[in-house]
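Per TrEMBL, domain 'Major facilitator superfamily (MFS) profile' is recorded for 33-474. What TrEMBL records for 36-58, 70-89, 101-120, 132-153, 165-190, 202-222, 256-276, 296-317, 329-348, 392-412, 424-446, 452-472 is transmembrane segment.
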Amino acid sequence: MASIGSWWRVVQNEKDRSSGLESDFEYRERWITIRLVYVSGFLMFLSFGVVTTGLWPYLQDMDPTVGKPFLSVVFAAPPAGQLIFSPLIGWCSNRLSSIRVPFVILTALFVFGNGLYSVVELFPTPHRRYVLLLARFVFGISTSINTLSRAYISTATKLSERTGAISMSSLAQTFGLAVGPIIQAALSTIGKEGLMWYGLRINMYTMAGWICAALGVVYILFLNPSCFVHRTIAAQEAMKTTGFSKATDTYEPLKMFSIWTVMIGYSVLMFFYVSVQTALSPISLDQFGWSHEESLYYLGILITGGTLCSCAVFLLLPQLCKRFQEHNVFLFFAIVPLFISQVVMIPMGSKSIPMLDSSNNRSTGDGGGGGCPIEQEWCNSIPPINQYQLTISYTMLCISFSVGIAISQTILSKLLGTRPQGNWMALYTSIGGLTRIIGPASVVVYVRFGTYWLFGLGAMISGLLLIWMWCYKSHLRTTKKINHAEEMQRMANGVAE
C-alpha cells in the first residue's frame, strides 16, 4: 500500500534521491508530466473505441446510399493520417526544446476531429460521407501524439524506470480501448433520434464525439506550463555513468541489425493482432453458425476478457523483467505465444462446417443462425474451428500483443541510447499505422482460401520469426554481460581509488 501511495503522491525514494540526478521538486515535475503523457494515450484509444463501435450505423444514418467499400476507406483514414504525419511530428520533436506545444496542437486537432464527427448532419447529404471521412483523417493526424509520447518517455526515464513507464503507457491505451465500447453501449439509451439542441442533434452517435471532444478540451487545460514541464533525465544518467561532460559524447553507434530485428518483430505482432481482430466476426458467424446477435454477445465477452488479460500483463510486466532479461521476455512471452496462437487455430477433426442455406438464411448445422455461405466452397472440405481453439488462440494473442508492444518499445529505446528518438519512434508508430491499413486484408484470404491458408500462413510466418529471434536474440540484449575477471578488476580499481 505504501508503494501505491507514493505512486499517487509522486514522492522520490531514497535510492533515486541518493543518485543526485535531480531534486525532489524536479522529480515530481518529471513524473507529473509523464503521467499526463499517459493520459494522451488513454484519450486517443478511448475515442477510437467509442467511435468505432457505432461508425457503420452512423455512416448509414448520415448517407443511406453508402456501401461497405467506403466503410473500409473510413476505417483506413485514421491509420493513414498517422502514417503520413508521424514522420513529420518525429522530425519536429527532435528539434524542439519542449513537446508541450505539439501536444497542445495535436490535442486541438483531436477536439476538432471529434467535433466535426458530431456535426456531420449539418452538411448536405451527398457531402456527409466525405465530411465524416475528413473527421476520421484529422483524428488520425492527432494520434501522431503517440510518437511524441514514446520519444518523450524514452528520454524522460532512467533505464530502471523505462519498462515500468512504457507498461503503464500501454495500460492506459488498453484501458481507453476497453472503456470506449462501454461508453457507446451506455449512450445507446439516448437512441438514434435523440434530441435537438441549438440546431445540433444529440443522439447515441454524436454524443460519443462530443464526449471525446470535451475530454480533449479538459486535457488541453492540463497542458499548461505549470503542469506540463518538459524534463529529460536519460542523458544526465548516461553522462554520470560514463563520466562524459556532454550528452552527445554518450551516443553509441547504432546497432542497425538489432534495431531492425525489433522493428520486424513489432510489425509482425501488430499485423497478426489486427488481422485476427478483423477476422473474428466472420469466423464466428461461419464456423460456429452463430447469429449476428450471438456473435456480438460472445465476441464481446471474449474481447473483454482479452482486454482484462492485457491489463494484467501490463501490470505484471515490470516484475517479469526483473526476473528475466528483456530480450528473453520478448522471445518467450511475445513471439512464442504468437506462434501458438496461429498453430492452435489450424482446423482439426472430421466434423463439417455448418452451411448457410441461402433460401431462408438459416444454418444447416446446429447453430440455427449463421453459417458458412455457399460461395465459400472451401467450407465443404475443411473441418470447423471450435470455440476452445478460438479462446486459447485469442488469449495467447493478447498476451503476445501486450508483452510485444511494451517490450519492443523498451528494447528499441535502450538500443537507441540517449540520442533524440523522435525520428525512430515516428517510424515505429508509422509501422503500427501501416499494419492497421493492410491487416484487414486477412479477411480476403479467409473468404477466398479458408482457414488452412489463413492460419497455415500465420503459423509459417510466426514460426520463421520465432526461429529468427531465437538465433539472434543476443543482438537484442540491452545490458552488457560482465564476466568474473572484469568484475574483480572493477573492484580492485575501486579499492585503489
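Each Cβ is built from the backbone N, Cα and C atoms, and glycine gets one as well.
The transmembrane segment (202-222) is in contact with the transmembrane segment (165-190), judged by 3+ CB-CB distances under 8 Å for residue pairs 6 or more apart in sequence. The transmembrane segment (70-89) makes no contact with the transmembrane segment (329-348), as judged by fewer than three Cβ pairs under 8 Å among residues 6 or more apart in sequence. Taking pairs at least six residues apart, the transmembrane segment (296-317) and the transmembrane segment (392-412) share three or more Cβ pairs below 8 Å and count as touching. Ranked by number of Cβ pairs under 8 Å to the transmembrane segment (165-190), the listed stretches 36-58, 256-276, 329-348, 424-446 are led by 36-58. Here the transmembrane segment (36-58) has long-range neighbours at 71, 74-75, 78, 103, 107, 110, 114, 117, 132, 139, 142-143, 145-146, 149, 152-153, 168-170, 172-181, 183-185, 192, 204-205, 208-209, 211-212, 215-216, 219, 222-223, 227-228, meaning same-chain residues at least 6 beyond its ends whose C-beta is under 8 angstroms from one of its own. Between the transmembrane segment (424-446) and the transmembrane segment (256-276) there are at least 3 Cβ pairs closer than 8 Å, counting only pairs 6 or more residues apart in sequence, which means the two stretches are in contact. For the domain 'Major facilitator superfamily (MFS) profile' (33-474), the predicted model reports an average pLDDT of 84. Scored by C-beta pairs under 8 angstroms, the transmembrane segment (256-276) has its highest count with 392-412, from the stretches 132-153, 392-412, 452-472.
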